[in-house]
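S.K.: Right, I'll just put the structure down here and ask away after.
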Amino acid sequence: MAYFLELLISGALTGLMYSLVALGFVLIYKSAGVPNLAQGALVMTAGYAVWLVMAWGLNVWIAIPIAAAIMFGFGLVVERLLLRRMVGQPVIMVVMLTLGLEILLRGLVPGVLGSTPKPIDLGIDFAPIIIGDVFINRTSLYGGIVALLLVGASLLFFRTRLGTKLRAVSDDHVSSWAVGISVERAIGISWGLAGIAAVVAGALWGSSQGVDWTLSTLLFPAVAVVILGGVDSVPGVVVGGILVGVLGTVIPGYLDSVAGGSTRDVVTSLIILLTIMVRPFGIFGREDIERI
Amino acid sequence: MTFLRKLALTTALVAGLSAPVAAEDIKFGLLQDFTAVYTFVTGQYNQGQQDYLALANAEGILGEGNSVTAIVRDTGNQPQRGIEAYNRAKEEGAVLFDFLSTPVSAAILDQAQADKNVVITPAHGRGDASDGTVFPYVFPMMPTYWAQAANLIEHMKNNGGLQGKKIAIVHIDSPFGREPGPILQALSEQEGFEFQAFPYASPGNEQSAAWSEVRRYRPDYVLIWGAGGGQAVSVKTAIQNGIRPEQIHSVIWLAETDAANVGPAMKGVKRFEATAAGTDHAIIQRIQEKVIDAGKGSGDQANVGTSYYNLGVATMAVAVEAARLGLEGGQPLTGDTLKAGFEKIAGYDAEGLMPAVTYTAEDHQGGGAGRVSEWDGEKWVPVSDWHAAYPDLIRQVIEKSAAEYKAGH
Amino acid sequence: MFYRLSGTYHTSYEADRKLWKIPTDRWLVVAVLLLALLAPLYVSPLYLGSYVLPWVIWSAAALSLTLLMGLAGQLHFGFAAVMAIGAYASIHLVRFGVPFELALLLSGLIAAVIGAVFGGAALRVKGLYLVMATLAMQYLVDWVVVNVPAISGGAHATLRTPAVSFLFMPVESLAARYWLALGWAVLLTVFFMNVKRTSFGRALVAIRDKDFAAAVIGVDPFKTKLMAFFTSSFMGGVTGAILAFCFYRAVTPEQFGFNVSIQLVAMVLVGGLGSVIGSWLGAGFVLLAPIFLTNLVSGLAAAGWVPVSQNFLSHLPLMIYGAMIIGFLLLEPLGLAKIYDNIRKYFLVWPFRHARS
């Protein structure tokens, strides 16, 4: 029982850490309708940014805001230079463009800054929190809390004046234009916010595994999270994240030693497939109504 | 077919630029993965290789007038790019190849054998290639993963005993991660310990499920079998689950970068090593003096003396020694003479950088000796002597697997 | 002047339905085909083995995928998995004693059946969701291959292809392997050019343009989408088998990873969706551009022209590759096929400026 509880808790916390990666994806999809498959690479870039600022001799807690500012600007630039020109193009073009961006970043960032894993020390204590026979990993605990805070902040943000504009843009581009909202600016800001989310994800994941290009492989679990939660739902990120994390930890926890292989990726793949077959728009997502 | 013409032009350009300088220029193809799965090691490893070749040229180890050049290319761990790079380097006259990528090596092995070109597969590739009768032109050169597992197990036996103990092997879910399986199976019967395997999903940035299970298994020793960032995650998650660093034993892929990543908690973790780390070795000192200080180094000076750098130095030290012996007969260096040179190497230890190796026509592993070292908070300190563990068992496994390969599998 | 006419003006429906509307096009194709057939005679083994041969095979793969993505409009980001099924099936069938010719067909069928099952997702969703569903399929197939030693070939997960012969020609020498691959690629090309003119091809296009509208005019979307996945997976499966037997000859799971799927999609897009010539050009471009860049950059570095670190140098082709994908999508979304078409049109009416296709 303690084993189950421990898997449950560590799964939920890990899942929330995936939510951090997924949040950026949802922010962009919600306002721009663009599936950003480069979010994993953005997380990697953000991890490198934090490491780089720390290499200037700054404390990590100062480095993270600076990196966030850098990544916000980077998000704006990406949107302005690349995505704005893809408006009205079929989804395959946008998907491939973000994948092209992913390849570019995976070459550029490690190529310039070095490809051996870089450490980020957040100063989190190694010793686990022990409750009975249940061990809780501090890094994922803090990561989970940060994820919840960030999602909460995003929800609040969507209630502000700017956030309302973003919601209007996500409803309908043309109508937003008609009432005088700058759609381009709104979409640009959503990219910038995704950059900030990437910094948090990059710092936390980077502190646990080191910063190198493998951070971009976090895209796959994040995709499962957004598909399950709904591609345009911010609360869906939390619920999807917890579900993906719990299923991806509890099931391997019981099956792996029997199956002789890690079943986590299978669980993640099946979550994607089953969600798409049963409820394609996810738990909280808005169903698209297609007009002929 | 303007495309073909363009192709020919580009080739002419490239070939013209990298035309041989010296008359007796030996070429080694270091066609490795700088951009994908092996990035954690390739940079330092390749830097060590290039720096040693520069040293060999500066000291004229290969005899007067002879020099050795590295052809360095990125394959991105993609077999089709590896095949292209191999064919091109072959055209340029390379006689020795190092791919440092298991999939690329696998895709080229048969072709290289047919071409009679030497392929070295240190710390990657097929373990059964150690059987020189089946793989005449392939040299694993260093302890195979099987030999590494045996060495670590023997270290546990000598430091705490194995009878009735429990070993957890936590590995990445890939063919590489499953490689120590057969050795553990055979040794558990012989030495009376029990073991269980705990796989985690590639690339290993999240392993909590596996380690929760490991903790409940209450192992006396833990073997971690992964590579890259996943190794740091393994060590961290192990310690968080109450496993003492002293209990953790790693495959060769655990180095200074991982220690920097884990932090002070890493102290006491043990790993297998095939070459000594640090700058306190005659060869590394001379590289520092004649290559680095002369401004001819191929990369960041801070990497000199790291584990993977020294590993690269050792591979080229052996290869250059083989080339030197191969040239002794007075014939030009081809795959055949180089192979003969390798098989003449006896008791070579790169001036103390590695255990003495001896290659024969049957044994291309060179004995399989290695040692265990421990992270003391700043550097790797050896805790056992260079030796080969359970050599008969390893040989048996190698021959069995090689026989299966020969039968067409 | 070069094409000896001033544009295409058809006077009958037969003329408009012709495969080659301009005689010069036909002669061009015949010439290229002859050149390709004779390639083993005049291309050095280096170029034949590591450039032309993989180019031909990947063109076949791109053609298979563009049938699905370009004609039927169904996105597929797990096509390497389909090829993996074909490759592994063919090797195991040949080892089991099935003649190679039959094994090729059977491996195609196996890939087609499994591919069509996964294509089932397409009956429910499209666009982004289909991308994700096929992506999940890629991971599932990868997992099965890696985790079932009976499939992947035991401890080292390397499976060597047995010696085989195709219609009494041993598939051993480079030329023989090249001709077999070329034969398959040409067959696919001919099929693709003709399928556009059949009712099946027109049904695919109708589905692509709007599946509801297609249903209204009597095209069954269920059947047509499944048929699209089935046909394309069959082609992909056989191509995977050809790739294993003619090019790699030792199969490992990494040869069919997720990045290969991305590469295939890049080939189709860079070439131009749904275009035959685009598939060939795109495959050549995406496959060979990184190789040329690597060699060029290394050559320049050896000459001391680019004084940067080895690490940067080896990442440079990756950057340029990513930048080129972005560049094509932004500047020429219709791909290399469109660029070829522009050039062709220019010469069609040269020395005048304006042309009708």
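Quick reminder: no glycine exception, Cβ is built from N, Cα and C everywhere.
TrEMBL feature annotations, pasted as is:
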TRANSMEM  C:27-45  transmembrane segment
TRANSMEM  C:51-70  transmembrane segment
TRANSMEM  C:77-96  transmembrane segment
TRANSMEM  C:102-121  transmembrane segment
TRANSMEM  C:128-146  transmembrane segment
TRANSMEM  C:176-195  transmembrane segment
TRANSMEM  C:226-250  transmembrane segment
TRANSMEM  C:256-278  transmembrane segment
TRANSMEM  C:285-306  transmembrane segment
TRANSMEM  C:318-337  transmembrane segment
S.K.: How about the transmembrane segment (C:51-70) and the transmembrane segment (C:318-337): at least 3 CB pairs under 8 Å, pairs 6 or more apart in sequence, or not?
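M.R.: The answer is no, given that the two segments have fewer than 3 Cβ pairs within the 8 Å cut-off.
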S.K.: Counting only pairs 6 or more apart in sequence, are there at least 3 Cβ pairs under 8 Å between the transmembrane segment (C:226-250) and the transmembrane segment (C:128-146)?
M.R.: no
S.K.: Looking at C:27-45, C:102-121, C:128-146, C:176-195, C:285-306, which one has the highest count of Cβ pairs under 8 angstroms to the transmembrane segment (C:318-337)?
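M.R.: Stretch with the highest Cβ contact count: C:285-306.
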S.K.: Take the C-beta pairs under 8 A between the transmembrane segment (C:27-45) and each of C:102-121, C:128-146, C:176-195. Which stretch has the highest count?
M.R.: C:176-195
